[in-house]
Each structure stands twice: as C-alpha cells, then as structure tokens.
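I have placed the structure first, in the form of structure tokens, so that the comments after it can refer back to it.
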Amino acid sequence: MLFATLEHILTHISFSTISIVITIHLITLLVRELRGLRDSSEKGMIATFFSITGFLVSRWVSSGHFPLSNLYESLIFLSWTLYILHTIPKIQNSKNDLSTITTPSTILTQGFATSGLLTEMHQSTILVPALQSQWLMMHVSMMLLSYATLLCGSLLSAALLIIRFRNSFDFFSLKKNVLRKTFFFSEIEYLYAKRSALKNTSFPVFPNYYKYQLTERLDSWSYRVISLGFTLLTVGILCGAVWANEAWGSYWNWDPKETWAFITWTIFAIYLHSRTNPNWKGTNSALVASIGFLIIWICYFGINLLGIGLHSYGSFTLPSK
C-alpha cells in the first residue's frame, strides 16, 4: 500500500511538472528575452526526471523485478529515456536542438501513461514464466531505448522536411501562423534577423544561408541520433533472439512483434545506407526516417492493440485478478 501511494504521488508530480515545463517552453519560444523562464523549464525537467526515477525504483522494489512487464511500465520507462536524450546535448555543452523534440514527447508519453490507460493497467503484475529471466532488463530496456532514440531522430528529420517545404504550402506561409513560433520556426526567425543585421557588412550572405545552416544542423543531429538508435535496436533484437532461444527453443519465430521489429530495423538500415549516397542526403533520407517514425509506432503500439503472438503479455489486456 505504501509503495502504491508513493508511485501514485510520483507519477502525478512528474506529469504536473512536465505540463508546466511544456507551457514555459512554449512561452520562451514566443518571447526570447525571458531567459529566467528558460532556466525554470530546465529545473522542471530535472524534477520530472527524479520523479520518474523514483517511480521506477519504487516499482522495482515493490514488484521484485525490473519495471518493464506491461505497457504502463514501458511507457513510464520510455518517458524516462526521453529525458536522458534531453540531457545529452547539455553534457556535450552544445546547443540543445533536441529539447524541442524531447520535451513535448515526454509530456505526451507521460500523459498517455497516466491518464490514457485504465487504472487497472497501472497495477504491477506477476511475471509470466517467459519473462522470468535476466534477459528481461537487457532486451526490453534496449528496445525501449532504441524506440525513444529513433523517434527523436525521426522527428528531427520531419522538422527538416517541414522547414524545407513549408513555403510550398499556404498553411505554412502565413506570417502570423502559430506554427512559426513552435518547433524550430522561432530559430529560423532568429537566423533571418541575424541575416538582416549583416546586410551592410562585407561578408557575402545569400538569401537562404541561415535557413541552410539550420537544416544542415538538423540533418546532422538526426543522423547522429538515428545512428545511436539503430545500434541500440540491433543490440535489443540480438538479445531478444538469444532470450527466445532459451525460452522457446528458437532464435526467431516471425511473431508479429518480431516481424515489425525487423521491418523497423530494415527501414533505418535503408536510411543509414542512403546517407552514403550524396544525392540521397538531406531531403530523401529525411523522408525515409519520417516513414520510420510511423513504423516504430506500429511496432510498439499497433501490435499491442492486436494482443496476439508471443509478445501478447505487453498488450492492452487488463491484468488478471
């Protein structure tokens, strides 16, 4: 009872905090001068991280196993992973382009886990025999880490496509449209303002130079993040194959989850291969990564909706009483 109460408090603290953070984040996109608010949003992300970490530790202690046995726990772990990705640029002392991706992703994941699932699905369950293995932590954590990383990389690629083609659609060309102030559009305005200030200098500045700088940075970040995610996905699939051989006597069974994991791996392998061709860099490779975004959600959620196959214990079915 004590652990259940603690988990309830921590999940709602983390969700409330991240909701405030995303509000502050949107305000700072609209008003760049409010630097104090930007610092507050970072402190809020730290508070969210510790709340989610506290929940995972509490669930681990109370259940006696790593908290990755059902959809609810995996979503909480996914939001925790997104925060880890949020901190990587800060560790490297580089511009945090990922924050515009990771912050909304964290609140959506946390919000769905907290409010979108039935309360009965929040309960910790006894592991089925197939999950009573040390491979649980290695395989499932690697898969969720890869999902979070690949989703962020795919969204960066989608941002690149939106920025490059926004002038092709009247929806994006409206000067007062709110979308200009979200995602990376505020960065574009800053770069264009900077370009205007340099008009009277002797340096050559062509019209789309700063927009080009931004898209190149997005392309670079997307490639680096997806490369990391692809590595994690490969490790996760290999761990799952070894575990499957121990549990079911076969490395690969073409279970629906396994099939879509293979499709996901193939899509991002194509993305990485396309990067070796200069003609496919940028827009074309970003298109492949954007397709991968949809494939990941099919692999993670779509198969769970069906509730069939060897991975049915991760479905939306309610725990047995």
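Positions of Cβ are set from backbone N, Cα and C atoms, glycine also.
Note that this is a predicted model, so its numbers are computed, not measured.
Here Swiss-Prot flags 9-29 (among others) as transmembrane segment.
According to Swiss-Prot, the transmembrane segment annotation covers 44-64 (among others).
Annotated transmembrane segment per Swiss-Prot: 68-88 (among others), in sequence order. Counting residues 6+ beyond its ends, the transmembrane segment (68-88) has Cβ neighbours under 8 Å at 11, 14, 45, 48-49, 52-53, 55-56, 59, 96, 98-99, 102-103, 105-106, 109-110, 112-113, 117, 121-122, 124-125, 127, 131, 136-137, 140-141, 144-145, 147-149, 152, 225, 304, 313-316, 319 in the same chain.
Residues annotated as transmembrane segment in Swiss-Prot: 143-163 (among others). Long-range Cβ contacts of the transmembrane segment (143-163) within its own chain (Cβ-Cβ under 8 Å, at least 6 residues beyond either end) map to 68, 74, 77-78, 81-82, 85, 97-98, 100-102, 105, 172, 183-185, 188, 211, 214-215, 218-219, 221-226, 228-230, 232-233, 235-237, 240, 261, 264, 268, 282-283, 285-287, 289-290, 292-293, 296, 299-300.
Residues or ranges marked as transmembrane segment by Swiss-Prot: 225-245 (among others).
The annotation transmembrane segment is assigned in Swiss-Prot to 259-273 (among others). Tertiary proximity for the transmembrane segment (259-273) is limited to same-chain residues at least six positions away from its ends with a CB under 8 Å from its CB atoms, namely 143, 150, 226-227, 229-230, 233-234, 237, 240, 285, 288-289, 291-292, 295-296, 298-299, 302-303.
Sequence-distant contacts of the transmembrane segment (288-308), counting only residues of its own chain at least 6 positions beyond either end whose CB sits under 8 Å from a CB of the stretch, comprise 71, 147, 150-151, 153-155, 157-158, 161, 222, 226, 256-257, 260-261, 263-264, 267-268, 270-271, 274, 314-317. Sequence annotations record features per position, and here Swiss-Prot assigns transmembrane segment to 288-308 (among others).
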Positions on the same chain near the transmembrane segment (44-64), where near means CB under 8 A and six or more residues out:
3-4, 6-7, 10-11, 13-14, 17-18, 20-21, 24, 73, 76-77, 79-80, 83, 86, 103, 106, 110, 124
Lying 6 or more residues past either end of the transmembrane segment (9-29) yet within Cβ distance under 8 Å of it, the residues of that chain are 37-38, 40-41, 44-45, 47-48, 51-52, 54-55, 58, 76, 79, 99-100, 103-104, 106-107, 110-111, 113-115, 181-182, 186
